[in-house]
Amino acid sequence: MVTKACTKCHRIMEEDRCAVCNIPTSKNWSGFLIVVDPENSNIAKDLHITLPGEYALRVR
């Protein structure tokens, strides 16, 4: 299955629509970030990530 990323929250998944935002996903993404503890992560705060998971850094 092809991994895709949400065009809004950048969360990586295999579905055609994001389970969090209900927005269409894209196959065109780059960069990979795993957030374990978004409360204490400066990178997660800079990217406005509030849920743990796998994220793309850039989605087109």
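Cβ from N, Cα, C; glycine included.
Marked as domain 'Spt4/RpoE2 zinc finger' by TrEMBL: 3-60. Residue counts for the domain 'Spt4/RpoE2 zinc finger' (3-60) under DSSP (helix as H, G, I; strand as E, B; rest coil) come to 8 helix, 20 strand, 30 coil.
Marked as Zn(2+) binding site by TrEMBL: Cys6, Cys9, Cys18, Cys21. Within the same chain, the residues at least 6 positions away from Cys6 (Zn(2+) binding site) whose Cβ sits under 8 Å from its Cβ are Met13, Cys18, Val20, Cys21, Ile23, Thr25, Val59, listed in sequence order.
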Residues close to Zn(2+) site centre defined by Cys6, Cys9, Cys18, Cys21, Cβ within 8 Å: Thr7, Lys8, His10, Arg11, Ala19, Val20, Asn22, Ile23, Thr25
Which of Cys9, Cys18, Cys21, the listed binding-site residues, has fewest other Cβ atoms within 10 Å: Cys21
Mean predicted confidence [pLDDT] for the domain 'Spt4/RpoE2 zinc finger' (3-60): 97
